[in-house]
Amino acid sequence: MASTVEQDLTEKLETSSLEAAKHEISIGKEAADMIKAQANEAFKNGDYEKATELYSKAIEIHPDAILYSNRSFAYLRREWYGYALIDAKKALEYDSRYIKAFYRRASSYMALGKYTLALSDYEYVTKACPNDKDATMKYEECKKVVTRIRFEKAIAVDESSKSVANQIELNTMIVEKEYDGPHLDVDGLVTKEFMYAVLPYFESQKKLHKKYAYQIILQILTLLKSLPTLIDITVPKKHKFTICGDVHGQFYDLLNIFALNGPPSEDNPYLFNGDFVDRGSFSVECILTLFGFKLLYPNHFFLARGNHESLTMNQMYGFEGEVKAKYTAQMFQLFTEVFNYLPLSHCINNKILVMHGGLFSKDDVTLKDIRAVDRVKQPPEEGLMSEILWSDPQPQAGRSESKRGVGLQFGPDVTERFLKLNNLEYVVRSHEVKQEGYELAHNGKCITVFSAPNYCDTMGNKGAYITITGDDIRPKFTSYTAVPHPAVRPMMYANQLSMFGLM
């Protein structure tokens, strides 16, 4: 009799616990849904950082496929492709048939250049949703990219035997009488008069003659070939020096930098720290302007390679399409060749190291190691060159997996050890949108500068540049807002696939 009573009591307790657990789950689901609604609203308003934070809170309360997929979408908008991929995979763990998660994973793979894996996901979606025209379009576009890459690999020859520069015949290019733009001098060289004429010419949306564009690019190729991977810069006492971050094809904001801070000259030197092209639809104007000033002031105007000075990024995010639309496919191939020779880093007065991305997966990297990097190639997925172009700082100590899927994240302790080892004061990097255009991290020893305000016409951020003097290397920041530009939207020339993560 006693055992029966005990059994009944046990069953009642188990039933009560089960009901309580169900009630807790229900409350948790309701709370998560409320937060998700707030996150969706933040996403709708373009506040992707807040959306990410809110989705994360909802996931802590009641994780499911939808929340992980939504946060993946927010990460895609922030260009954190590594995190987006992780979340898309997590969503599929919760629901292996959740179609939106396949979309998010495919978009992440595309952004990371993993086209074959993306194709597999798009193929799954088209089979699951045969009447989805959007899915079918994405599958077909991705299939074209994979086919093209396979074809290019099949016909690839030794790099040295296919230099585009050797195939260009300037003598066959005639400058027509109708051309009303600026001219290079009689020796085909860039002059101060030419640069001061070409800026307003570009500003009025006119196109530099093809012959002059080719001449500038060929001359910059010769110049860049003579430069080391790490360039040492000496700024004399009392002399100003300016460091700019990403400009991303925002030509009218580039002009504004020169308006605010003065045009480049031997007395007003500049360093532009990579990502000159892509996203913005005036990348051709930006790069020809920067190349022109580099030719005019080779010892007082400096250019570093960013992760967007690469073939894969240019094919996805607009530069390839823009060059082909404004000039020729051959010119784009020439730009690709030129980008391979851009220096990766600059050291100012032996105290400030400037590179596009960030620091390294190892603690023993020296300036000597950076100087020894073979840069004349497309950026690899790992190693010093990849980390220089792709890495990001993080607030916590140590290192962690990259939110972008390439490079890594490094903490203040990593920065401190690197600076001490190399007898440096601080590092300057770019690569990330910051609301004020700049950010001081790691106790002020890791500084980000980003010079493209209202990035992609959507982010609402300011741009910024840094100035120092030879006898006072403490950074001084100037922030500025975006200026109006002609009604040509960002990403106008981008590959359709680059927009997949935004749909």
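Yeah, the Cβs are placed from backbone N, Cα and C, and that goes for glycine too.
TrEMBL does not curate its annotations; it predicts them automatically.
Lifted from TrEMBL, the feature list:
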- 32-65: repeat 'TPR' (REPEAT)
- 99-132: repeat 'TPR' (REPEAT)
- 208-484: domain 'Serine/threonine specific protein phosphatases' (DOMAIN)
- His308: active site, proton donor/acceptor (ACT_SITE)
> Other than its close neighbours in sequence, what residues sit by the repeat 'TPR' (99-132), given a CB gap under 8 Å and a spacing of at least six beyond its ends?
Replying inline: 65-66, 68-69, 72-73, 76, 79, 81-82, 84-85, 87-89, 91-92, 138-139, 142-143, 145-146, 149, 312, 316, 405-406, 497-498, 500-501, 503
> Do you know the DSSP helix, strand and coil residue counts for the repeat 'TPR' (99-132)?
Replying inline: 27 helix, 0 strand, 7 coil
> Which numbers of helix, strand and coil residues does DSSP report for the repeat 'TPR' (32-65)?
Replying inline: 28 helix, 0 strand, 6 coil
